[in-house]
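**Q** Below is one structure. I have some questions about it.
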Amino acid sequence: MLERLSLYARLVRIDKPIGTLLLLWPTLWAMWMAAGGPPAWGLFWIFVAGTFLMRSAGCAINDWADRDFDKHVKRTRERPLTAGKIAAWEALAVAAVLALVAFALVLPLNALTKWLAVVAAVVAGTYPFFKRFFAIPQAYLGIAFGFGIPMAFAAIQDQVPPVAWLMLLANVFWAVAYDTAYAMVDRDDDLLIGMKTSAITFGRFDVAAIMLCYAAFLALMAWAGVLLGLGWPYWVGLAAAAGCAGYHYTLIRDRDRMRCFAAFRHNNWLGACVFAGTAVAYAIR
């Protein structure tokens with residue numbers, strides 16, 4: 001039993017929290033902005049738990065969808081489903097249970113939030129299949145990873161104002177930036193199996209594309225800060241995030257696999273910088 005639970009934990013990447021953090025930071029930015037400061041703590045924990053559950057469900061669905069491809073990729077061939085340690089139906093069952101628990105969390109919230117939760121689940125569940133035909137699936141990932149933004153505004157304000165969609169667009173650019181660096185790690189394997197990724201699509205302009213996406217992300221988040229009238233700590237946070245992006249350039253410019261992966265992981269700190277600036281800006285108002 002314990003061995004089975006360990007395999008399920010690996011399936012949903014409990015040992016690799018970076019994905020949850022990249023999903024969580026935009027949600028937290030939005031919660032603070034929507035509430036004008038710290039949100040109600042009950043709502044805060046609903047969104048934190050929902051983020052963890054939906055990211056875990058997404059990992060299970062992703063492994064199920066990619067099970068015939070992952071065996072040809074060095075980094076993924078030892079995943080529990082790919083290695084034959086669990087069955088395909090088990091991965092689907094785990095994903096379904098996690099998604100249902102996540103949806104149960106939003107049942108006490110307003111109708112708009114519940115409808116957006118359904119949309120978010122559809123986007124998360126269909127993302128793995130976009131890698132079959134969409135040249136930049138990372139953009140779709142950005143929608144999936146950023147959907148906590150409109151949901152946060154909906155839960156707190158019972159509306160989704162334009163600034164929320166602006167932030168969602170910013171998150172799309174951020175996701176393309178960090179996940180292109182991630183895709184650079186697997187590019188050779190993805191070319192062999194015919195998988196679509198932004199790293200392949202951008203080709204020799206991959207590094208330039210990543211930096212342009214960071215610039216677009218920062219510009220759109222700056223616009224959001226202006227619309228919300230945020231004070232100087234927010235701008236310090238954005239400046240620190242820009243510094244993180246500059247550091248990522250030093251890691252990815254030589255296209256070394258391990259350094260590209262390090263750049264991907266370091267985006268946790270970029271998201272944290274934006275959150276810290278946001279939280280302090282509201283705290284001193």
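The backbone N, Cα and C atoms fix where each Cβ goes, and this holds for glycine too.
Pulled from Swiss-Prot, these are the listed features:
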{"type": "TRANSMEM", "residues": "28-48", "note": "transmembrane segment"}
{"type": "TRANSMEM", "residues": "86-106", "note": "transmembrane segment"}
{"type": "TRANSMEM", "residues": "110-130", "note": "transmembrane segment"}
{"type": "TRANSMEM", "residues": "133-153", "note": "transmembrane segment"}
{"type": "TRANSMEM", "residues": "165-185", "note": "transmembrane segment"}
{"type": "TRANSMEM", "residues": "210-230", "note": "transmembrane segment"}
{"type": "TRANSMEM", "residues": "232-252", "note": "transmembrane segment"}
{"type": "TRANSMEM", "residues": "262-284", "note": "transmembrane segment"}
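Can you walk me through where each of these features ends up in the structure?
**A** Beyond its flanks by at least six residues, the transmembrane segment (28-48) meets 105-106, 108-109, 148-153, 155-157, 163-164, 167, 224, 228, 274-275, 278-279, 282-283, 285 of its own chain at Cβ-Cβ distances under 8 Å.
Tertiary neighbourhood of the transmembrane segment (86-106): same-chain residues 4, 7-8, 11-12, 46, 49-50, 53-54, 56-58, 60-61, 63-64, 67, 80, 113-114, 117-118, 121, 125, 151, 155, selected by CB-CB distance under 8 Å and a gap of 6+ residues from either end.
Note on the transmembrane segment (110-130): residues 50, 54, 57-58, 61-62, 64-66, 95, 99, 102-103, 137, 140-141, 143-144, 147-148, 150-151, 154-155, 158-160, 196 of its chain, located 6 or more positions outside it, place their CB under 8 angstroms from a CB of the stretch.
Long-range contacts of the transmembrane segment (133-153) within its own chain (CB-CB distance under 8 A, at least 6 residues past either end) are made by residues 22-24, 26-27, 29-31, 33-34, 39, 47, 50-51, 58, 106, 113, 116-117, 119-120, 123-124, 127, 159-161, 164-165, 167-168, 171-176, 179-180, 183, 196-198, 201.
If one looks beyond the transmembrane segment (165-185) by at least 6 residues along the same chain, the residues whose Cβ comes under 8 Å of a Cβ in the stretch are 22, 26, 29-30, 33, 75, 136, 138-139, 141-143, 145-147, 149-150, 197-200, 202, 206, 209-211, 213-214, 216-217, 220-221, 223-224, 227, 245, 248, 251-252, 255, 257, 260-261, 263-264, 267, 270.
Under 8 Å from some Cβ of the transmembrane segment (232-252) lie the Cβ atoms of residues 177, 181, 184, 206-207, 210-211, 214-215, 218, 221-222, 225, 259-260, 262-263, 266-267, 269-271, 273-278, 280-281, 284, all in the same chain and six or more residues away from its ends.
Here the transmembrane segment (262-284) has long-range neighbours at 18, 21-22, 24-26, 28-29, 32-33, 36-38, 174, 177-179, 181-182, 185, 221, 230-238, 240-241, 244-245, 247-248, 251-252, meaning same-chain residues at least 6 beyond its ends whose C-beta is under 8 angstroms from one of its own.
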